[in-house]
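Listed in TrEMBL:
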DOMAIN    1-144  domain 'Beta-mannosidase-like galactose-binding'
DOMAIN    286-424  domain 'Glycoside hydrolase family 2 catalytic'
DOMAIN    645-738  domain 'Mannosidase Ig/CBM-like'
DOMAIN    742-820  domain 'Beta-mannosidase Ig-fold'
Amino acid sequence: DPYYRFNDVMYRWISLDNWTYSRTFKTHFDVRKWQKVNLVFEGVDTVAQILINNITLGRTDNMFNRYSFDITSMIKEVNFVEVRFLSAVSYAAEQSRCHKAYRIPPACPPPVQKGECHANFIRKEQCSFSWDWGPSFPTQGIWKDVRIEAYNHYHLIYFSVTSFFVKSAQQWSLEIESIFDVVSSKPIAGLVTVNIPKLQTQQTFSVKLQPGEGSIVLLVNINKVRSSTVEAWWPNGHGKQTGYNMTTTFVMETGYQIEKFSKAYFRTVELVQEPIPGSPGLSFYFRINGRPIFIKGSNWIPADSFQDRVTYDILWLLLKSAADANMNALRVWGGGVYEQDEFYDICDEIGIMIWQDFMFACALYPTDQDYLESVRAEVSHQVRRLKSHPSIVLWSGNNENEAAIASNWFSIPYAAREVYIKDYVMLYVKNIREIVLTEDKSRPFIASSPTNGLESVKEGWLSQNPYDTHYGDTHFYDYSNDCWNWTVYPKTRFASEYGFQSWPSFSTIEKVSSTEDWSYTSNFSLHRQHHENGNDQMLQQIGHHFKLPQSTDPVKKFKDMIYLTQVMQAQCIKTETEFYRFSRSEIVKGEGHTMGALYWQLNDIWQAPSWASLEYGGKWKLLHYFAQNFFAPLLPVAYEDKGVLYIYGVSDLHVDHKMTLRVVVHAWSSLEPVCTLAKGSVTVKAQSAVPIYEESINDLLERCRNCTRKSCIVTFCLVGEGGLQSPVNHHFLSSLKDAVGLEKTQLSASVSQQHDTYIFVLQTTAIAPFVSLDVGSIKGRFSENGFLMTEKKKVVMFYPWEPTSVEELEKSLTLTSLVDAV
């Protein structure tokens, strides 16, 4: 396994070599009957020469492009096809050497990443040369389908459907675009019929295809009466993801007829950037089908260094886990790949909105003619391929490259800045943006992330400070300050990246390590950490609130460390996300109206410490269980300011609710609550965050007489009519390392089976913070995990992803709470 121990370094030679893929194939059809025969590569990674029967067809230099070669005159009954690859590493180095006019930084990744140089000189997955969470495996190969297409007259290459709502007419319309390769030298006339049975809509158009690349754009109007019955596509948590079956039939005067089956989705998206009363700057939020939506989710990275290992099942598991944690959006980050069709199909199906970056990240890029031409082909191919997906709500030009120039990451002398600014505008504005706007008028485009949106545009696409909280989105990382302190977080319009690292479970690490690796300070643990000082930063953050493990058994100490990093990460991101959620409706000192929280990052590319909430293989870290709660549609959130406890009612629901707020104070030393308060008829406003409770901590401790900050904890939840209920949330009054009265507890569990689900009944003898259930490498997830146990008994469900049994689960179960990690 390339991921085993130090194999990323051991196998480096593979990427430095040149590899050739070849085979002989028979042609199973009569070549003479066809006017045109193409050899089509959906994806070649990356630099190769393509030959058939020893004749060079052409070259490839872009992993994100589709290549089609005309082999009509060369194909025989028996053929020999070859793809001769050049090492991506040496090609990138060579391209960089040839760019003599000025340097294009960064040259190499930091040494801690153990990566390769000049990734920005090759149109290839940027993180395949290493990243701060991933290994360097610069692959060479045929990473998508290859096929032969033979046709006469005309052939459909791209087909897309996008929807628009015409406000003046109060009706939906569909734009259907078809792009053909037309072989004949004369235009071809014919009829196209579009049929959407469920909307009783059928229209026929007369069309003419021009020779060469002929395209036709059809506008299908859904009449006003039918438009009023259309079910729109909504994000997860806001409605259904309805799609309508649609058949488009092309009957041309020559050649065969084409019948295209597809789905039509109806949804609109606007990125709203408008003045806000009482606040300088502009808003930055998404309106879907006319409704403002708070974006809840994370950032997606490639699920494997070897893309062929990313199956439909793996994608389904990861994306379903996002939806199950109440997420409605993911950002496909610009240092990976444009994901496979199935990825977006699943997002369409389960309501995950996609913020889609173009594949440029954390670097400056060349803009010579050849490079720009390759990028233009890439962008137009990807937009044509993807624009029918209702899940994609935004195109974004790059990751952090505006910030890289604005904050001068690469120490460019002030006098030399102009050339880089010119290149930036040339690439993202004059080329990428221009193509996107031509190809797709149905969704917004921004040039970078973080950006100041319209303000960046006003400043010539490069703002002074792209991190300005009054405009656009922000990325924010701070590993040294105490993460429980909400005042360090930016009260931004939109938080599109923020996060903390943790280690994956022991069962995940175990698969790629050996016994001597199982310590926090082993060579292996250092080797897997690709972020400078990452392992120390985790210790430091843990140290703010928890005692570090002192066990003399090295393996127990390692497992305790893993557990504590996960507790720390979950609690940190909970605090930060809740801050963003409670800031949605208020302006404080000119800042606020936060309308998005996408933490960094959802998934992992290999088994290593990282910012992810899902481990390689899909296992949920404690953070992912916490996300289920901190992204809940209805949530009470608490914070302290100058000795006063404030609780906000946060709601993504579409209507107001009258609810009861229950505030329960517990002493660490007892399972019986110290005092309980129920505040009735609290109005939790639809799609807002409003203060519903405040009390000074002194009054609270006074009211619950036996309490001090160190001996007690506050829990609270919202309860409404008809079973409507929020998760139970908690607020710590002191660091847990200072907690008084926390006792060593006896945790036990009994396991039983009910249909496809397993039931774990937990029992405790004392209050137990951060109770974690772990069943090793048995695939599946619990209904909740990492919780505060304040009652003797608790029932937790386990949903398996593969067959298992009560015996297996009992044998694999480890129960850990904070007092066990000593």
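Note that Cβ sites are derived from N, Cα and C of the backbone, with glycine treated the same way.
No curator has checked TrEMBL annotations; they are predicted automatically.
Keep in mind the model is a prediction, meaning the values are calculated, not measured.
Summarised by DSSP class, the composition of the domain 'Mannosidase Ig/CBM-like' (645-738) is 13 helix, 50 strand, 31 coil.
Look at the domain 'Beta-mannosidase-like galactose-binding' (1-144): DSSP puts its residues at 32 helix, 46 strand, 66 coil. Mean pLDDT, taken over the domain 'Mannosidase Ig/CBM-like' (645-738), works out to 96 on the 0 to 100 scale. Per-class residue totals from DSSP over the domain 'Glycoside hydrolase family 2 catalytic' (286-424), listed helix then strand then coil: 61 helix, 28 strand, 50 coil. Under DSSP, the residues of the domain 'Beta-mannosidase Ig-fold' (742-820) split into helix, strand and coil as follows: 10 helix, 38 strand, 31 coil.
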